[in-house]
Amino acid sequence: MVLLEKAPAKITLSLDVLGKRTDGFHEVKMIMTSVDLTDILELHERHRDVIDVSADSQYVPDDERNLAYKAAAAFKQQYHLTKGVRINIKKNIPVAAGLGGGSSDAAAVLRGLNQMWSVGASRAELTQLGARLGSDVPFCMTGTTALGTGRGEVIHPLPSPPACYVVLAKPDMGISTRHVFPRLNLNNLKHQPTADVIRSLEEANFRNLCDSVGNTLEPVTFSMHPEVARVKEKMLANGAAGAVMSGSGPVIAGLVRPFSRARRVYNGLRGFCDAVYIVRLLDQR
Ligand SMILES: C[C@@](CO)(OP(=O)(O)O)[C@H](O)COP(=O)(O)OP(=O)(O)OC[C@H]1O[C@@H](n2ccc(N)nc2=O)[C@H](O)[C@@H]1O
Ligand SMILES: Nc1ncnc2c1ncn2[C@@H]1O[C@H](COP(=O)(O)OP(=O)(O)O)[C@@H](O)[C@H]1O
């Protein structure tokens with residue numbers, strides 16, 4: 001049996017860090033929404049009790065370090081399964097970009113195995129299992145628009161954003177999340193107007209949304225990689241109505257209306273960046 005599962009990328013419209021937790025993670029408030037830039041996972045049932053993973057990207061491990069592998073191993077252990085699976089990943093989401101590609105692949109494996117093996121686990125059970133794999137995985141289980149609290153794994157659904165295009169621009173580097181958080185100056189955090197972003201979603205107010213997006217991690221990533229700050233400036237200079245770094249970066253997401261203006265922003269950034277995309281929100285009014 002073969003099963004195909006899509007794994008959409010996510011962008012963070014707002015990311016605020018409240019402080020450090022006793023478990024070494026940071027307390028966050030972040031608003032995430034999914035976009036139509038997706039990895040495609042092929043799940044092939046194996047009768048032997050093995051997990052094989054392949055990915056068409058040199059930047060992604062094809063062994064037990066792969067988040068898709070970890071998800072399959074956790075699912076098999078949780079439900080005492082001895083069947084095997086081969087997972088082929090078509091990577092369309094840039095790696096270590098702040099778009100949650102690995103987390104989304106892990107969530108796709110949990111959804112896919114639950115279906116392929118007719119386990120019947122609830123979405124809540126899969127989300128709880130996903131939280132053990134990474135802070136981003138619970139959001140990726142839902143794939144709509146939500147506020148993440150705690151370390152990001154506690155999910156509070158939010159209204160869909162107003163329809164717009166998103167230009168994603170990735171400078172030519174990857175950034176590891178675990179290298180960004182420790183560099184935060186916890187005594188001088190630039191907090192975000194999370195409540196304003198939520199209100200703009202409730203009111204479907206595109207202008208107010210664009211004026212309130214922001215990311216407390218930007219100063220850290222920008223100081224490590226000044227070119228990321230330049231991409232954000234260029235995104236706005238080329239006509240984006242709002243721009244914000246996604247996750248720990250380096251991707252900058254620009255909110256744009258209408259499509260003709262999105263094309264202009266896209267063209268203004270191509271050649272300046274390693275990869276530029278125009279995507280749609282998967283969950284929009
Ligand atoms: C912070 C975000 C925002 O989207 O960064 P991106 O990965 O997307 O860039 C994500 O929630 C990340 O989620 P995920 O990538 O699953 O991170 P995890 O594997 O849980 O944690 C990786 C490392 O990031 C740091 N970390 C992550 C989340 C958090 N709330 N506090 C932290 O300090 C820790 O050092 C941790 O060891
Ligand atoms: N299936 C996967 N897809 C992408 N990255 C993966 C995967 N499995 C493991 N990784 C590793 O996880 C790290 C984070 O990748 P990714 O989730 O794309 O970053 P981000 O959370 O910043 O978007 C990378 O170093 C990558 O090598």
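Please read every residue number as a count from 1 along the shown chain.
Cβ from N, Cα, C; glycine included.
According to TrEMBL:
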type: ACT_SITE; residues: Lys10; note: active site
type: ACT_SITE; residues: Asp136; note: active site
type: BINDING; residues: Pro94, Val95, Ala96, Ala97, Gly98, Leu99, Gly100, Gly101, Gly102, Ser103, Ser104; note: ATP binding site
type: DOMAIN; residues: 66-143; note: domain 'GHMP kinase N-terminal'
type: DOMAIN; residues: 201-273; note: domain 'GHMP kinase C-terminal'
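Feature map: annotations from TrEMBL on the structure.
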residue	record	DSSP class
Lys10	active site	strand
Pro94	ATP binding site	coil
Gly100	ATP binding site	coil
Asp136	active site	coil
Worksheet entry | Length of the line joining the Cα atoms of Lys10 (active site) and Gly100 (ATP binding site), in Å | 6
Fill in: Rounded distance in angstrom between the Cα atoms of Asp136 (active site) and Ala96 (ATP binding site)
13
Discussion item. Among Lys10, Pro94, Ala96, Gly98, Gly100, Ser104, please name the recorded positions whose Cβ is nearer than 6 Å to ligand 2.
Written reply: Ala96, Gly98, Gly100
Worksheet item: Checking the recorded positions Lys10, Gly98, Gly100, Asp136: which ones have Cβ within under 6 Å of ligand 1?
Response: Gly98, Gly100, Asp136
Fill in: Count of other CB atoms lying within 10 Å of the CB belonging to Pro94 (ATP binding site)
21
Discussion item. I'd like the Cβ neighbour count for Asp136 (active site), meaning other Cβ atoms within 10 Å of its Cβ, all protein chains included.
Written reply: 28
Worksheet item: Given the recorded ATP site (Pro94, Val95, Ala96, Ala97, Gly98, Leu99, Gly100, Gly101, Gly102, Ser103, Ser104), which additional residues of the same chain have their Cβ within 8 Å of the Cβ centre, ordered by sequence?
Response: Ala9, Ile93, Gly247
Fill in: Gly100 (ATP binding site) CB neighbourhood, other CB atoms within 10 A
28
Discussion item. Given a separation of at least six residues and a C-beta threshold under 8 Å, show me what packs close to Gly102 (ATP binding site) in the same chain.
Written reply: Val60, Asn66, Leu67, Ala68, Val95, Gly134
